[in-house]
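Enquirer: Structure in structure tokens, see below.
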Amino acid sequence: MVDIEEDSQLGLESEEEYEELSDGELQEAFAKGLLKPGLNIPLEEPKKAVNNVEGLKKCLADFKKNLPWVERLDLTNKPVDDVLAKAEGRPSNDDVNPEDDFQREMYFYRQAQATVLEALPKLKKLNIFTKRPDDYFAEMSKTDQHMQKIRKKLMQKQVAMENSEKAKKLREQRKFGKKVQVEVLQKRQKQKRDMMTAVKKYQRGMTDKLDFLEGDKEGKNGPASSKKQMGKRGGPSSKRKYKDQKFGFGGRKKGSKRNTKESHDDVSGFRAKAAHGKGGKKFGKGGKNKRPGKETRRKMKSRK
């Protein structure tokens with residue numbers, strides 16, 4: 001706050017007049033040097049530190065309990081010697097840099113070792129066991145009902161995981177089955193194309209081999225059975241021989257029924273009765289064909 005002397009210099013007789021000062025008046029006072037920065041900030045006095053030894057001892061005596069060491073299990077000791085320093089032949093240094101995490105943690109570790117080495121003989125002397133027996137059963141912190149709920153949840157989770165794995169395997173099997181099915185269909189289509197190509201080559205006289213027929217038989221009955229059948233027959237069947245005799249075996253097929261000069265001049269197989277409709281074959285289900293064909297009618301008109 002502003003001191004009394006400065007208030008008197010500004011001509012302020014009360015706090016009300018001080019609060020009613022306008023910004024312009026405060027700026028003029030600050031320009032004249034009557035106001036200084038920090039005068040309006042309240043300053044707290046530092047707390048006085050009191051070392052009341054008698055009071056502290058009295059408080060300690062109030063809550064202190066004279067219990068045996070077994071109930072307290074408190075030990076105050078220094079850390080054990082640094083084994084690594086001894087092995088390296090350098091003196092053990094207990095001065096620890098608090099900023100070094102590794103040194104600080106190792107100091108705590110060696111201090112815990114010293115505490116264990118001092119406490120175990122005391123506990124054995126007081127006939128207190130320090131190792132858990134083999135048949136030791138501790139009391140459960142959770143009730144049996146709570147553990148049953150946990151077990152039920154774990155079983156449900158395990159069943160859900162198994163169902164998920166089964167569904168995943170089924171999806172993979174379906175994908176694999178579809179893949180195999182597609183491969184089989186592609187293989188069949190390829191075999192069909194190869195068969196059609198071989199048939200076309202045979203029809204055009206580009207080859208005289210019938211291996212594609214044997215391959216078809218092998219696909220149905222197997223190669224062994226087809227060989228046995230060929231061995232039993234001893235050659236082509238009578239049907240095959242008749243077809244070979246009638247239609248020929250190999251050679252060019254396209255245009256084979258076309259007339260030549262010799263076949264056009266050869267009229268040995270011509271029958272007038274059959275050609276003019278006077279005899280020969282009978283057409284229809286029952287009676288005669290009363291009306292001759294179109295070609296026959298045309299020839300009859302040309303003769304007239």
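Quick reminder: no glycine exception, Cβ is built from N, Cα and C everywhere.
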Enquirer: Match it up for me: which of 1-23, 162-184 does TrEMBL list as region 'Disordered'?
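Expert: TrEMBL lists region 'Disordered' for residues 1-23.
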Enquirer: I'd like the per-state residue tally for the compositional bias 'Basic and acidic residues' (259-268) from DSSP, helix first, then strand, then coil.
Expert: 5 helix, 0 strand, 5 coil
